[in-house]
Amino acid sequence: MTNMAEDKTSISKVHSEFSNSSNTTGSEEESRSHQESFDGESSSGESKSKSKLNLEYSADIEPLKFRMTKTNNTNDKLKYSNNGNATDSFMRLKEHLQRGNTLNSNLRVNEFYPFNSIDTEQFENYLREPKYIKMLKRRKNLKQFRRLFLAQELMAYEGETVTSTSKSSEPTSKAIWSTKFSRDGKFMATGSKDGKIRIWKVIGSPVERAELDSSAESNKEARAKSMRIKQQVSSLNNPKEKQFLDSATEKYEEKEKLLNLYAPVFHPTPLRLYKEHVQDVLDINWSKNNFILSASMDKTVKLWHPDRKNSLKTFIHPDFVTCVEFHPTDDRFFISGCLDHKCRLWSILDDEVSFEYDCQDLITSVTLSPEEGKYTIIGTFNGYVHILMTRGLTPVSSFHVADRQTQEQNAHVMVTETDSKIRHGPRVTGLQAFRSQLDNSFRLVVTSNDSRIRIFDLEQRKLLEVLKGFHSGSSQHKAQLSIWHGQPIVVNSSDDHWVYGWRLKSSDRENDQDEPKRKPKGLARSGSLRSIFSKSMSRSSSQNNEEKPHHHLKLTNLLPLPHHSNDHYIKNTDYISFHAHNAPVTCVSIAPPETSKTLSLSNDVICELSLEFFQTSDSFDVLSRSNDDGIMSDVESSLGYNSKPGSISNASATSAIPDVVDAIGTILISTDNVGTIRVFRADMPSVIRKRVLLKLEEYNREVRRRFNSSDSLHSLSRSFNSRAKSNLAGQPAAAYTNTGKGYATGRGYSNICPKSSTSLKTLGSNAQPRTPRESMSSIFSNAHGPTTPTSAMNLPIRCNVCNGSRFEAFSGANDQQDRNYYCVDCGTVVNNFR
């Protein structure tokens, strides 16, 4: 085979070889996708054109933000930030980090810092009519794609306006080619066409979230101040321009006035920015110890670590390095794939190649078998898949993704050595190996540039399923498989600006039950295949059954020839998709469970509300319902319960405790070829949202009742002019209890009816209302406690934290004037200065 890499004279020439090489194996869909524009008809044969779909399912969306009420606490934060006093900083963090204290054995108070100043009217309107991403569904719905909204948009190129047009799909220098999460879920790395690598950090603590909000607020203040300075300078020269700038400044300040993201995932600026690569970064991989490998078109692989500002090592290759992957159990070794046809096993400590294998084709993708990394799988430019033993890189088997005859040859035959016919395309652009949860078989996800995703059983050398719907175009799309409550979900990017998702039918138990009806066709082929299939055919059959030559004689007379025995694969077009970008989407990733666990430690709004308003009866109700479109199906999707027989869920039928991963919900990351990174999240289930809304409505009625009552004016005015500085007074914090299956809150909202005396239970402890238009903090900090004779609304002194009215003096205080009191319900100290 001629080495195509030797003929290239420039980077653009090789890029054109990758993007313009056609598939000659008879794939009509690929040629259509290359010829038609994004404004033409979609390959799925829908009646609407893609341009009409793009208008109906618009990608012109903004991250969900809420208007922030600038309270005294906000002013104090800015004052503390300006003073820089250590005591003030301590007090500021203390206010943010007081997670709660115990009221009694059944009640708990929590402070949610993101709620401290969210405008209740805007939040209430959102809860009534949330605006989610509009989905295009084909027959079935994926639970992981329900209630998606744009949570965050990361600007990799700060200070530059990202523009895109649907008429041109040419990638810019800002195009992002690779996106990978670290194994601990705390970081995400992106590699760009301009050779830059960015490390993004997941918000992992309340301190980080508090600093994030303060930083965003300071930046908005700085931008507004800059505009005012420009306005003053220009007014000296041109009075008319001053009037125009005054109007522009007012509009800007009104638009940008303290808007905070509803549920961010990452810090807005990269933790690290590496610029050592001089050409495109094509692939990125993380090790178990958070080391990073990057493969580039500058013919190098570089080793990084987020704790270091520069690369640790550089590994030189003779040609473009298209793919790289760490050994899953020993990160002293890694595999690289190069355009010189060679796959190399490198020793990082020795800084040398330990083994190499020449596959006689351009290597475009590589992966290792899960868990132990025993096998190395290579994908090539012309559509071949090579399976090697990782130790020594010795060949085991190979086949062509589009040629079933090569797939059914002897398992130990390398088709490139025995085939006189050289097949061209489709190009393999992505590989991912996984273990089936049905039979623990070794399976492979193959993405190719003929707009197909193929699922292979490598042990049986059998094509199981083909996923259709996305448009490959010229990008190196890599489908990602994620196991979500026992169900394999595949997501992929597309050149038509959309994101696609499928549920694997080949992994369904109902489809697996039909397999024995199709497997006799393979049994009639030969004794060797009979032994391969015997385990999945019948566990009770003995070895003597293999020697019966006429066992399936009648069936084989009705079947096609042996080389067509692989015809019965599943054609899966039941995808769900949404218009994610205004430019070709290059990467799509679902955040791993470790990311959700990290995010749950930062007082995430969705997680906190889902756990707080989750009721014990939810789990049993959900498990007893069928998978319909009712209210409980939303809880089913968010909290991980599945009513189908044989389904696997993180929450057992006897457990009433949701897992934090289920409470966080789906986190989906997508990138495009103009440098935009969008973070989509699943909102809280509808039943949780309705309970929160009921809580807000109940609170508003209570506020109106208070303002109409003259007896409570003194207590209201006192709460408006005071600021809570809670002292837990030795009371233990009511954090989540780790039960092994999830995190349980100290109580559930079983009584949310307004008639209940304990229905207004507080969720916050640290903010006070300042106007009749309340902030979110006042909802969860000024709710009343149990209605007893000593807690009537007409008492002049009430606790700023729990709104209780029972106080006792500290023992040992003799002076009546200097005596300090504390709230019996929550332990908050009340002294003369308050």
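Cβ coordinates come from backbone N, Cα and C, glycine included.
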Open item on the list: Labelled region 'Disordered' by Swiss-Prot, one stretch among 94-122, 529-557, 761-789. Can you tell me which?
Closed with: 761-789
Task: Of the residues S347, S397, S528, the one that Swiss-Prot lists under phosphoserine - done: S528
Task: Candidate ranges 213-233, 612-632, 801-821 [criterion: Swiss-Prot lists as region 'Disordered'] - done: 213-233
- [ ] Quickly jot the same-chain residues contacting the repeat 'WD 3' (316-356) by Cβ under 8 Å, restricted to those at least six beyond its ends, or write none.
- [x] 3-5, 14, 282-289, 291, 293-297, 299-301, 303, 362-368, 370-373, 376, 378, 386, 388, 390, 392-393
Open item on the list: Across the repeat 'WD 2' (276-314), what does the mean pLDDT come to, as a whole number?
Closed with: 97
Task: Helix-strand-coil residue split for the repeat 'WD 3' (316-356), DSSP-based - done: 0 helix, 24 strand, 17 coil
